[in-house]
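Trainee: First the structure, which I've put down as structure tokens, then a few questions once you've had a look.
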Amino acid sequence: MKKRMITGITPSGKMTLGNYLGVVKNLIDWQDEYDLFVFIANLHAITLPQNPKQLKQNTEEIAALYLAAGLNPENVVIFKQSEVPAHSELGWLLNTQTSMGELSRMTQFKDKSQKLANKSSIPAGLFNYPTLMAADILLYEPDFVPVGVDQKQHVELARDLALRFNNKYGENFKVPEPLLTKNKIKIMDLQDPTKKMSKSSLNPKAVLYILDEPAIIRKKIASALTDSENVVRYDPENKPGVSNLMTIYALLKNTTPENIEHLWEGKNYKDFKDDVAEEIIAILEPIQKNYQEIKRSGKLETILNEGALRANRVAQKKVTKTRKKMGLN
Ligand code: AMP
């Protein structure tokens, strides 16, 4: 039997090249090997303020981009998190098993809440986010949860909660493996290459979006922050900007930055950036074309409905069993 894997993406903005290279590209490669569940985490997106119309649009755009990038809905279960109510329900049930101390220790909560201007109105949802994420995982009993380093602590909480629940109420949850990431890829911000490229970034010049047009891509890469040495050498610590562009190029070419250093030997940053931009455009153009076709075909809704049906079948069973264990029905 195939091993099961679950992964989510938060529709808090447009899909970035970081998402594509960090996770989407791998999922496309893994979809035949694993029993794969992919959800668009719109319930996580609302832990910070969202414009409803924009949220709906981002959710559908991300789902369509997964398909456009090559995810096959016949094999992969792709769905909107909010269309599987068991996520919210189990999230609540697990909240009752979690302490405020545990949630306060989550570094992502500390980081995100610190960024909010008004400290007196930090949303409770931001605080409780990890219990919802534990529910996302425990509902599907996956063997593998491909998360970035930033999510490691949350997977550990899911593991603690599963063990705690099983001890208290009897065997119910499969304990997810602690860290399960196959890839440690991190694409950095084009304007501040010491921080991760993020779809919720406030500086659009710093982020490459999957749907950016070629002219925009050329412009963003041309203005990406580098250094004054003008030598293309892979050195993430001292030359984070150039090294980030080399990482991007290497991933698109399925090789390592060290392997391709010689390609730009003796060339300046302009030549190098031109090559990187053209390679990104070559990879993104077919995805953008597929995306337009998916939108035109009107198939997205059917695919997401079918995905939700399949996910509901699995998740509903688990939440019903959990309710019974807790004496709720
Ligand atoms: P998020 O955009 O935070 O919802 O993350 C969705 C997935 O994309 C997660 O698996 C992240 O680890 C991955 N991801 C997001 N941004 C990047 C990035 N800049 N580089 C690599 N992976 C990323």
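Note that Cβ sites are derived from N, Cα and C of the backbone, with glycine treated the same way.
Relevant sequence annotations retrieved from TrEMBL are reproduced here:
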{"type": "BINDING", "residues": "Thr10, Pro11, Ser12, Gly18, Asn19, Gly148, Val149, Asp150, Ile187, Lys196, Met197, Ser198, Lys199, Ser200", "note": "ATP binding site"}
{"type": "BINDING", "residues": "Asp136", "note": "L-tryptophan binding site"}
{"type": "MOTIF", "residues": "196-200", "note": "motif ''KMSKS' region'"}
Trainee: Cα of Ser12 (ATP binding site) to Cα of the residue listed as 'L-tryptophan binding site': how many Å, rounded?
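Mentor: Per the Cα atoms, Ser12 (ATP binding site) and the residue listed as 'L-tryptophan binding site' stand 17 Å apart.
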Trainee: Please report the Cα separation of Thr10 (ATP binding site) and the residue listed as 'L-tryptophan binding site' in Å, rounded to an integer.
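Mentor: So the alpha carbons of Thr10 (ATP binding site) and the residue listed as 'L-tryptophan binding site' sit roughly 13 Å from each other.
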Trainee: Counting only residues 6+ away in sequence within the same chain, which have a CB under 8 Å from the CB of Lys199 (ATP binding site)?
Mentor: Ser12, Gly13, Lys14, Met15, Thr16, Gly18, Asn19, Val207, Tyr209
Trainee: Cα-Cα, whole number of Å: Asp136 (L-tryptophan binding site) versus Met197 (ATP binding site)?
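Mentor: Cα-Cα distance, Asp136 (L-tryptophan binding site) to Met197 (ATP binding site): 24 Å.
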Trainee: Compile a sequence-ordered list of residues in the same chain as Met197 (ATP binding site), six or more apart from it, whose Cβ lies below 8 A from its Cβ; state 'none' when nothing qualifies.
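Mentor: Non-local contacts for Met197 (ATP binding site): Thr16, Leu17, Gly18, Ile187, Met188, Asp189, Leu190, Ala206, Val207, Leu208.
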Trainee: Please spell out the DSSP helix, strand and coil residue counts for the motif ''KMSKS' region' (196-200).
Mentor: 0 helix, 1 strand, 4 coil
Trainee: According to DSSP, folded down to helix, strand and coil, what is Ile187 (ATP binding site)?
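Mentor: It is coil.
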